[in-house]
Amino acid sequence: MQENYKGKAYDILKNLNIEEGDLIEIKKGDLRIRGILLPSYSKDDRIFVIKLDNGYNIGISIDNITEIKPIEKKSSKDRESERREVHNGAKSEIKIISTGGTIVSRVEYETGAVRPALTTEEIIQFLPEINEIAKVDAEVLFSILSENMKPEFWVKIAESVKKAFDEGNTGIVIAHGTDTMAYTASALAFSLRSLQGPVVLVGSQRSSDRPSSDSAINLLSAVITAKYAPFGEVVVNMHAESSDTYALVHRGVKVRKMHSSRRDAFQSVNDKPLAKVLWKERKLVMLNEKYISKKDETLLDAKFDNRVFLLYYYPGLDRDFLEQMLTNTKIRGIIIAGTGLGHTSSDHIELFRKATKDGIFIGMTTQCLFGRVNMNVYTTGRQLLDAGVTPLEDMLPEVALVKLMWVLAHEQDLEKIQNLMITNLVGEINPRHTLDLFPRWSYE
């Protein structure tokens, strides 16, 4: 199979009966390069794409190649011999639900490309150590990029979690893309109450075809958490540092992705992580004694009203533009990420007053992320309070947004909406901050 190659490169492969997925060796002068031939999607028809043993993909120009030869045909590789024991027919303890992302992807030996592991057997093949921890079962709910996540998908995930608990599983692992994983964690936390066990969201910052991949450690740590954690909460389980020593378990309504690419991108904000996972020792160590205990029966209440928006205040926010948004008849609620203790320009206060009188909920969070809103300190804050803006304590803006979607789907009366938004339902509000909750960056 050479259909992804064209021109001169195609002719060379055809003459040597080399196909994509074959192990080949290329000689250019004194340099010998060995790897798996991958599909080429380059417009240049004089390039071979090779996956090296170290996991990296490289392109090699056919110019000045002195020799190219097949080493091993893909069809001769007995991949079945790599399969490990799977608990077929046995009742699973941990359900792994895949929604997309790279966390449960694996290298496809036929081509060297990466694709999702679709079955329990493939996950065990990808990470056989799971068998040492628990009997697992896997389900692909859907496979989407996390930026395409929507409230209706949150409902489907919540329903699948409820079903998995009803089937007798004691813990759930949800594979998810990292970019919007914190949103989904919040949505599930409000949708699923009295959890019978941990619901662990896990993702990967580096795909499994890269030497620095965090996929295996994160997934293994998530299964350890789902198996041994004493809490019945929705959590996020991710790498804790740049090395591979341990992972951290973050409360789902107190976590945020704080770096675009680092493996330890996820951090607890205004709260301590619930636990750390020593994956080599297969051990979970609790770090936070304040957690929601497991209950006897999981309650499902998953519905959302997405007629909301998140307003990130900035100097110069146009009043007319804001007025157009506030007078949109579809809007039922607004979360403001305000400055400092919870402020916007005083120019906008009367617009907010009119909106709240019209029944629109307006909640205030802080752009600072760390710390809490206090609108009683300065004049502008007090004026915003008088205009009907509701301070939302130390809630993260994204968590407040998801919570508002959930609350609006359950209540119509503004006063009841306000009361629910300031009620600590699942740990989204931390009433007491200690000095150690704020990270200190060292430049020494």
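Yeah, the Cβs are placed from backbone N, Cα and C, and that goes for glycine too.
Annotation comment: Swiss-Prot describes THR102 (among others) as active site, evidence class sequence analysis.
The active site annotation in Swiss-Prot covers THR178 (among others). Counting every protein chain shown, 24 other Cβ atoms lie within 10 Å of the Cβ of THR178 (active site).
Its own atom aside, the Cβ of ASP179 (active site) has 16 Cβ atoms within 10 angstroms in the protein chains shown. Annotation comment: Swiss-Prot describes ASP179 (among others) as active site, evidence class sequence analysis.
If you look up Swiss-Prot, you'll see LYS257 (among others) marked as active site, on the strength of sequence analysis. For LYS257 (active site), the number of other Cβ atoms no farther than 10 Å from its own Cβ, over all displayed protein chains, is 20.
Residues belonging to the domain 'Asparaginase/glutaminase' (92-424) score a mean pLDDT of 92 in the model. For 92-424, the entry in Swiss-Prot reads domain 'Asparaginase/glutaminase', with the evidence type sequence analysis.
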Euclidean distance between Cα atoms of LYS257 (active site) and THR102 (active site), Å: 16
